[in-house]
Amino acid sequence: MTILIQNPDFGVAAAEEKRVNEEEDTELVLDGGFLAPYANSFGNGFRDYDAETERQEGVENFYKQNHMNQTYDFVKKMRKEYGQLNRVEMSIWECCELLNDVVDESDPDLDEPQIEHLLQTAEAIRKDYPNEDWLHLTALIHDLGKVLLLPSFGGLPQWAVVGDTYPLGCAFDESIVHHKYFMDSPDYYNPAYNTKYGVYSPNCGLDNVMMSWGHDDYMYLVAKANNTTLPSAALFVIRYHSFYSLHRSDAYKHLMNEEDVENLKWLRIFNKYDLYSKSKVRVNVDKVKPYYLSLIEKYFPAKLQW
């Protein structure tokens with residue numbers, strides 16, 4: 001079944017996020033009125049990787065390990081192994097509940113269990129885009145791949161599951177967080193991988209690009225293999241929501257095709273809620289659960305292979 005979606009409204013009412021009374025207010029007004037704080041859970045700006053916080057050293061060390069170990073060959077190995085989807089059979093909601101034990105060590109903005117972030121993001125989007133139910137569900141499931149951190153899924157190290165993602169097989173763009181640590185990667189010096197296009201061709205399409213391995217790519221593989229009826233924009237959001245060098249810095253556009261360009265519009269909408277909805281505000285799970293169960297039933301089978 002094909003799900004048709006309308007292009008997002010990029011008029012005045014749905015313009016880029018805007019600051020209100022910048023000198024006095026401490027909130028950001030997003031497209032439909034969702035109020036987001038200027039500061040994260042630790043009182044700093046969002047995605048400030050240089051802020052001196054209790055997590056700064058750990059986050060930087062995370063990216064050092066990530067950039068050193070995420071190689072083209074490593075990703076090929078992980079995609080082959082986890083693409084078999086032979087770990088467990090369970091529902092989407094069962095997977096959501098598994099995330100209660102997961103904290104993302106690469107995130108400088110949040111130290112809450114991941115289930116809180118999923119519901120915060122989904123509910124914020126639901127408020128501003130009430131008719132785009134596929135986007136509500138996408139928000140709920142976008143981080144489910146973080147179950148890779150759990151022993152039953154192999155207990156992968158944090159650097160192989162979370163953090164910003166980026167293409168392998170071509171040059172590392174300087175906009176990538178802690179770019180300096182790529183000098184510890186063997187791919188950095190491989191002439192097959194260290195040019196603008198590397199192993200790719202112009203406008204080849206991001207679906208043909210090898211991304212650094214983690215929860216994004218894993219959940220993308222799970223959704224596709226289990227025949228979700230979510231639209232292509234949803235799969236694009238799932239796979240590339242951590243690809244900040246693209247949707248925040250416009251890097252790697254030379255690899256995109258026309259479908260990628262259209263889907264990027266939805267990713268940029270999603271990203272504002274994914275980032276700015278991280279807060280200490282709690283969501284009443286029992287109250288919203290029936291709604292999300294109905295969306296899961298609409299777009300996924302009852303049980304999925306993981």
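Backbone N, Cα and C atoms are what each Cβ position is placed from, and that goes for glycine too.
What TrEMBL says about a protein is an automatic prediction, not a curated fact.
Marked as substrate binding site by TrEMBL: ARG47, ASP104, GLU105, SER106, LYS146, GLY163, ASP164, HIS241, SER242.
Residues or ranges marked as Fe cation binding site by TrEMBL: HIS117, HIS142, ASP143, HIS215, HIS241, ASP274.
Other residues of the chain with a Cβ within 8 Å of the Cβ centroid of HIS117, HIS142, ASP143, HIS215, HIS241, ASP274, the Fe cation site, are LEU118, THR121, ALA139, LYS146, ASP216, SER242.
Taking the Cβ of ASP143 (Fe cation binding site) as centre and 10 Å as the limit, one finds 25 other Cβ atoms among all the protein chains shown. Here the binding-site residues are LYS146, HIS215, HIS241; the one with the fewest Cβ atoms within 10 Å of its Cβ is HIS241. For ASP274 (Fe cation binding site), the nearest of the binding-site residues LYS146, ASP164, SER242 in terms of C-alpha separation is SER242.
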